[in-house]
Amino acid sequence: MDTIFALASAPGKSGVAVLRISGSRAFHAGRVLAGGLPDAQRTSLRKLRDSDGSVIDEALVLAFESPNSFTGEDCVEFQTHGSPAIIAALMNELSALPGLRLAQPGEFTRRALENNRMDLAQVEGLADLIEAETEAQRKQALRTFSGELGQKVELWRKDLVRAMALLEVTIDFADEEVPEDVYPEVQELLGRVSQNLAAESAGTHAAERIRHGFEVAILGAPNVGKSSLLNRLAGREAAITSSIAGTTRDVVEVRLDLDGLPVTVLDTAGLRETQDEIEQIGISRAMARAESADLRIILIEDGRLPSGLGVADDDILVQAKSDILPSSSEFAISSVTGRGIDRLVKAVSHRLSLRAASAGTATHVRHRLAISSAVESLDLAKTKISEGFPVELVIEDLRQALVDLESLIGRVGVEQVLDEIFANFCLGK
């Protein structure tokens, strides 16, 4: 297998740059450039030289001996000054060495997966950690990256393997008396796994929302102050405001960090009866996005709801323009003076935080589908046991459930998703 190298830090000028080398010839490459290497898991300050002996830079050099490295292979890292010229010179020297090539996106992590340094869920957690923009995203990604889902899968797997082994006993003793009735223990094991999977499945929606962001739609009649509220929340002129009704015709989105939660606030077209075909399209889009939103803020000006809009239990009704229309409403705001905005934001954050609290460790659609498939197989197995089906058919259902669970951590049937996952990594990962 080729030895690979890449810049592990962000490209461009910086105080420090990190260049990573991994593979069987990593130590040789390190010695060629640095004149020698420190002991494994140690660091030393060395001059890096080109093939003519000229100094390229003075850098911290680290060596990691297989399997105690990120990839599980021999690895060398150079921590250099973050000059593009220095990195280009080092890349040129490494490219000229036999058996070395530039890494593909995510190739270091792919090797870590292949060498069992991490499972597939941890790989996804690492990708999410790199992309995390808010505190909630960081915490969730770190849980996945730390292997929490893999630990759960291993517990579920042990219970299923135990249940299958017990059932196999009844086949082995088909013509003899089975030493003991195994079905009570089998049913207990399957019940426990089913209960755990149901709990994990219940938290997938919240976990996915944390990854992608919650959506909060602002609804109301034209000129009620929806765009003004969006601009106040964004702290900038994200949407055009005008006294002309129907100014907003498409959905305007603003990404916010509300108490660590990723939230996309949607400014929508004013809801009213209109003959304007373009405005009608905008209103239809507004209603569609509002239906799929996690939370709706409904602005009212005269105490009346916009035509055709029903109110859900979790909607937040807000009296707008409180600077000119005094109100005793729980949520009365003025986007001009800022009155009531903090109270509204806290209410939104609180309601979304309650939903986020139910998030599990299964954070991707792939995880949810695999768990759902495993639950379906377990339900079939339990039904067949209760109806007296042949044991072989029950075992086959349990085996399918096991395959579904093992796909969560990349043991089986995930080759088709690897390229998509690793394509989103940078070269140095």
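Numbering starts at 1 and runs along the chain as it is shown here.
Even glycines carry a Cβ here, placed using N, Cα and C.
Feature annotations, courtesy of Swiss-Prot:
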type	residues	note
BINDING	ARG20, GLU77, ARG117, LYS429	(6S)-5-formyl-5,6,7,8-tetrahydrofolate binding site
BINDING	223-228, 242-248, 267-270	GTP binding site
BINDING	ASN223, SER242, ILE244, THR247	K(+) binding site
BINDING	SER227, THR248	Mg(2+) binding site
DOMAIN	213-353	domain 'TrmE-type G'
Residue among the binding-site residues ARG20, LYS226 whose Cβ has the most other Cβ atoms within 10 Å: LYS226
Distance from ASN223 (GTP binding site) back to ARG117 ((6S)-5-formyl-5,6,7,8-tetrahydrofolate binding site), taken between C-alpha atoms, in Å: 57
Average model confidence [pLDDT] within the domain 'TrmE-type G' (213-353): 78
Rounded distance in angstrom between the Cα atoms of ASN223 (GTP binding site) and GLU77 ((6S)-5-formyl-5,6,7,8-tetrahydrofolate binding site): 59
Sparsest Cβ surroundings (other CB atoms within 10 Å) among the binding-site residues GLU77, ARG117, ASN223, SER227: ARG117
